[in-house]
Each structure stands twice: as C-alpha cells, then as structure tokens.
Amino acid sequence: MASIPSTCFHRYSHSNSISYYTPTPVKVKPISIPRIRKSLGGEVSSFKFKLHACSSSSSSYIGRVGLQRRHGNVSLLSFGSNPKFVSDDEEKADSTSQFLSAMLPYVVAATAVAALVHPSTFTWVSKEYYAPALGGIMLSIGIRLSVDDFALAFQRPLPLSIGFMAQYVLKPILGLLIARAFGAPPMFYAGFILTCCVAGAQLSSYASFLSKGDVALSILLTSSTTISSVVITPLLTGLLIGSVVPVDAVAMSKSILQVVLVPVAAGLILNTYAKPIVNVIRPIMPFVAMICTSLCIGSPLAINRNQILSVEGIRLLLPVLTFHTVALMVGYWLPKLPFWRQDEAVCRTISLCTGMQSSTLAGLLASQFLGSSHAVPPACSVVAMAIMGLYLASFWGSGSRIRDTMGLFRQVRDTSLNA
C-alpha cells in the first residue's frame, strides 16, 4: 500500500514560489480513491489519505514570551521593540549584556572573596558612593524599557498579581519567620528583614531567559515591583522592624525615589525620545552595571569583615541560604495551586523573581538608615541569590524539572555504586 505525504503549502498568485508553514490539522473523514495507476509509482488498488486544512495569520498575538508577531512559520520576539527594525548595534549590545549576565555569578563570588581576603580592595567605597552606583544600575535597566512594556501588564493581570503577592506578602512573612526561628543576631536582624521587603532583582529576567521561562512576565514583574517599592518597601520595613530599629519611612521613600524611579524614568525617556543617545551608551551600560554591582557588594563585606567572620556572622549564613531556598520553592509551587494552574514557564519565572531580590537596594537603604552592620545581610544575600538563582535557571534550561530531581539523584547513586 502506498501513501501520499500530506504536506501543506500555499502558492502565491504573483509568483511560482511555494511558502511552507506549520499546518493546523482538522480531522475529516478519510477519502477513498478506487484506483491509482503506475504514474504514482506502482500498482495500488486503493488507499486512504487524510486531508489537512491549513491556516496562517500575519496578525499580532500575545505569546508565551512577550508580544510576538508571526510571519509564515517564523515567530519573532518583539517585546519592547519592533523586530523589523532591530539594528546590528542593538543585537551586539544584547549579546554583550547576556554574556555579562552569565558572568555575574562568578564576578559576585570573586568580589566576595576579594572583600574578605583583601578588605582594602573595597574599604575606600563609602556609603556616599552607594546611591550613584545603584543609580547607574537602574539607568541601565531604564534604557531597555519602553511604554509598550508596561502596557502589557494590563493584558496579564493574573500572573502579575501572583508575583506581586509572592513578592510583597509571602516573602516578608517568610523572612520574619526565618529570622525568629534561627535567632538572627541583633546586629543583622533589621538588615535581614529589609532584604526580604525589597523588589525583585533585575538579574531574574536573565535567569528567566536561561530557564526557558516567561521573559516578558519577568521584565514586567521586576519593573513594576521596583517602581512600587517607593511606597511599599518603607511601609513594610516600618511595620516589621519599626519597633526594633527606628525607621524613617518618608526619608526612605525619598531615597528610593532618587536612586530607583528617577534613573529608570530617565532611561525610559531616553529610549523613547533620544534613541541615538541610547545607541551610543547602551553597549557600555552592562559594564557600568557590573562594576556598580561589584562595588555595592564588596564595600559592606569589606567594612564589616570582622563581624562577618565572627561567630555571629557565621550564624547569619544559614538564615540567608534558607530564605532564598524556601522563597524559590514557594515561588514555584504557588502558581501551581489548583485555582490558578499557571503553566510551567510562568511558575519558573515567579520562582526566580521571588527568590532573587534587589539586595543592592536593600544594602543602600540599610547603610543609610539602619547602620553599616545591617548592610551585611543584603551583601550576603546578593552572593547567595545570584549563585543559587542562576544555577537553578541553568538546571531548568537544560530540560530538567523539579519533579525529576529524585530520579537524577538515583541515577547518580546507581552509577557510583556500579562503578
């Protein structure tokens, strides 16, 4: 019996070229043809074939990763820019940014080691430099945003609402419980709670990309939580630690406004109305952001080296690691609850956004309003969340799933026993 492949094609009326695209199959009753002669390749008495109806669209649609536009069988990511007009310079800048983001965990680890082994490398960085350094990080974020990015938020209310709840409700409660359960040292307690009350880290967007998650959702979630932190972070901090350490919520809001909202807004305006300027500064901004991150991490570690290496400092490591581990787990399983049932990509994204927070902002606020010793938990948090978050993203990106973890351990155990 012979068979005929059901290839779906469309012939343009103005040319002889054939454009192939992915078909949308429609089940129909098989058609029986009584006889096909040798012209089709042999004696065949009868055969059946399936008819497939095909459809194609050139209209825009909201896909799993941002706003996409389909042309034939090619799906182009157009989040934040028009894919038809992406220049070579922008592609090179994006490649550079992705490379530096991939290197960031190693830079963070090297910074931590250098600050603890040779404190003089970072002790010159006083807290007066924190605000400009963090402003440089936020400016590098702002020049990659557009008004269309925020318009997408109104089209995805449920995932954003879940992410917001995980960020500003579950995470502060989790931090408070862990701090009390482990008996966090008094000199670090307020800084640890403050770390649990800040917005998601911008590095989580790259982690979502590595994990094959929902990159557009990650960008929207981190951007919106960062902007809303002007109001929410001071309120949460005053509510949770106001009885332990005096917190000036108004002054903290002004500081966040200056180092977060103003640079992000400036970058957004430049990206909207001064594209030539953005094209000039965009290639160097990833380097600026990496240097600023290194300074914000290294300085509190170097200045408080003796306290970190003391018994009290060692006791801080377990609460920090526990917080990030549990936050990543809660952020993953929360969207999977039966009444939400979000897909795997959304669950991975919310997990990374919940477990990776803007600890550099927490370090700045702690050094300005709580004292230098309270900047140690945010600095330790940066190291932990960068390494744990990006390695988890790589685990997911390799095709592995959380539910397969025990199977992987069994395979490793069996292999080692057989060897």
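Along the chain as shown, the residues are counted starting at 1.
Even glycines carry a Cβ here, placed using N, Cα and C.
Any TrEMBL annotation is an automated prediction that lacks curation.
The transmembrane segment annotation in TrEMBL covers 99-117 (among others). Listed by sequence, the residues of this chain that lie at least six past the ends of the transmembrane segment (99-117) yet keep a Cβ under 8 A from its Cβ atoms are 203, 206, 210, 286-287, 289-290, 293-294, 297-299, 301-302, 305, 308-309, 379, 382-383, 386-387, 390-391.
With a threshold of 8 Å between CB atoms, the same-chain residues lying at least 6 positions outside the transmembrane segment (129-147) that come near it are 80-81, 202, 219, 223, 226, 255, 258-260, 262-268, 270-272, 278, 281-282, 285-286, 288-289, 292-293, 295-296, 299, 360-361, 363-364, 367-368. Annotation source TrEMBL lists transmembrane segment at 129-147 (among others).
Same-chain residues lying 6+ beyond the ends of the transmembrane segment (159-182) with a Cβ under 8 Å from its Cβ atoms: 153, 189, 192-193, 195-197, 199-200, 214, 217, 220-221, 224-225, 228, 232, 236, 240, 315, 318-319, 322-323, 326-327, 330-331, 334-335, 340, 342, 346, 349-350, 353-354, 357. Taken from TrEMBL, the feature transmembrane segment covers 159-182 (among others).
Listed by sequence, the residues of this chain that lie at least six past the ends of the transmembrane segment (188-207) yet keep a Cβ under 8 A from its Cβ atoms are 98, 101-102, 104, 137, 141, 163, 167-168, 171-172, 174-176, 179, 213, 215, 218-219, 221-222, 225-226, 228-229, 232-233, 236-237, 240-241, 244-245, 312-313, 316, 319-320, 323, 349, 352-354, 356-359, 361-362, 365-366, 370, 373-378, 381, 385-386, 389-390, 392-393. Among the features that TrEMBL reports, transmembrane segment is placed at 188-207 (among others).
Sequence annotations record features per position, and here TrEMBL assigns transmembrane segment to 219-244 (among others).
Positions annotated as transmembrane segment by TrEMBL: 256-274 (among others). Within the chain, the transmembrane segment (256-274) has long-range Cβ neighbours (under 8 A, six or more residues past its boundaries) at 131, 134-136, 138-147, 223, 226-227, 229-230, 233-234, 361, 364-365.
As annotated by TrEMBL, transmembrane segment applies to 286-304 (among others).
Within the chain carrying the transmembrane segment (316-334), a Cβ under 8 angstroms from the stretch's Cβ atoms is held by residues 162, 165-166, 170-171, 174-175, 178-179, 182, 184-185, 188, 192, 196, 308, 340, 347-348, 350-356, 376-377, 380-381, 384-385, 388-389, 392, 402, all 6 or more beyond its ends. Summarising the annotation, TrEMBL assigns transmembrane segment to 316-334 (among others).
Here the transmembrane segment (376-396) has long-range neighbours at 102, 104-105, 108-109, 112, 188, 191-192, 194-195, 201, 203-204, 206-213, 293, 296-297, 300-301, 304, 307-308, 313, 316-317, 320-321, 323-325, 328, 348, 351-352, 355-357, 359-360, 362-363, 366, meaning same-chain residues at least 6 beyond its ends whose C-beta is under 8 angstroms from one of its own. The transmembrane segment feature in TrEMBL is assigned to 376-396 (among others).
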